[in-house]
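Data block below; observations after.
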Amino acid sequence: MASTVPSTMKAWQFSSAYPTIEANLKLNNNAPLPDGAKNLGPDQVLVKVIAAGLNPVDFKFAEIPWLGRFIVGSPSTPGMDFAGRVVATGPNTKSVAVEDLKPGQLVFGRLDSPCKFGTLAEYTIAPRKGCVAIPPGARVIETACVASVGLTAYQSIVYRLKDHAGKRVFLNGGSGGCGTFGIQIAKQMGCHVTTSCSTPNVDLCRSLGADTVIDYKKTDVIAELKKMQPFDLVVDNVGVPTDLYWAAPSFTNPGAPYVQVGALAVTPGFILGNFFKARWPGWLGGGKRPWEFMHIESNVQDYEQLGRWMQEGKLRAVVDEVFGMQDDGAVKAYQKLRTGRAKGKIIVKIDETWED
């Protein structure tokens, strides 16, 4: 491995997250390799990154006042999702059920959490449980954006309903990363899907399989939901309207889970509000529907299912735009992501010579 891995790499890095990470992102042409790159630990995979998919969590944790620097380290490279090629693997402890990954194999996946050595770099170290082979026929660049949102959508729907066929699911926010995958996954499971989006994205959501689309620019979302048959599951990808959860008893069946995926910002008020939703008794003013903030766990079998659906043409990544590594590509990519107006996913191509 020593002969194939350079001593330095190109990586986008930031040393301050104030006021935003993109305001401080710089391309370092001589960044150090991730710690342990030449001496991999158990169940680690060194990946040469071809493309990285962006997610709001990339900057939301880093930008938490005071704590962000300690969570991700400094200087830091953002990014959790990737598609790339295996360079080397560490000892396999069999702690997770994975196939043997071979050097040269094309893979996609995600890191466990935002960290100092993210995926907006030429090399990253992924856990084996978060790294699986790209199925034949899949577009490599598109798989770079699948892991986080695909897994979130899959686990928020498949894990939360015992019987899926005919169940009514409301996805709040259908045109972003989690929403576009969520619509397709819920339909694969046989659910009836209602979602919300703005006027320009109505046709997109319908094309992905949504049965009913609420245009929040033209009507009140909660008022429309109250007119419909009760739902069995709510997945909130955006966090607005802010009173959506508190109104849930008026448009959901008793016991229907409410899964919080997205939020405008991680603030003290947001954290306190979530405590009341999750822990405070309903008779004392707390939540009257089971509420949880979505936490995903990398699972090889789930990634492989997503890959099979993509291979079979049953699941597609909706890509808003692909940026390059050079010319402030990462800066522009995060600026667009932060607007909240992207249709689907935003990708940064790390290896600009790669063509699917």
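Note that Cβ sites are derived from N, Cα and C of the backbone, with glycine treated the same way.
In three-state terms derived from DSSP, Lys60 (NADP(+) binding site) belongs to a helical segment. Around Lys60 (NADP(+) binding site), a 10 Å sphere centred on its CB holds 18 further CB atoms from the protein chains shown. Here Swiss-Prot flags 57-60, 175-178, 198-201, Tyr216, 261-262, 342-343 as NADP(+) binding site, drawing on similarity to another entry.
Under the three-state DSSP scheme, Ala342 (NADP(+) binding site) falls in the coil class. Residues near Gly177 (NADP(+) binding site) in space but far in sequence (CB under 8 A, at least 6 apart, same chain), listed by position: Asn55, Cys145, Ser148, Val149, Ala342, Gly344, Lys345. Sequence-distant contacts of Tyr216 (NADP(+) binding site), defined as residues of its own chain at least six apart whose C-beta falls under 8 angstroms from its C-beta, comprise Ser196, Cys197, Ser198.
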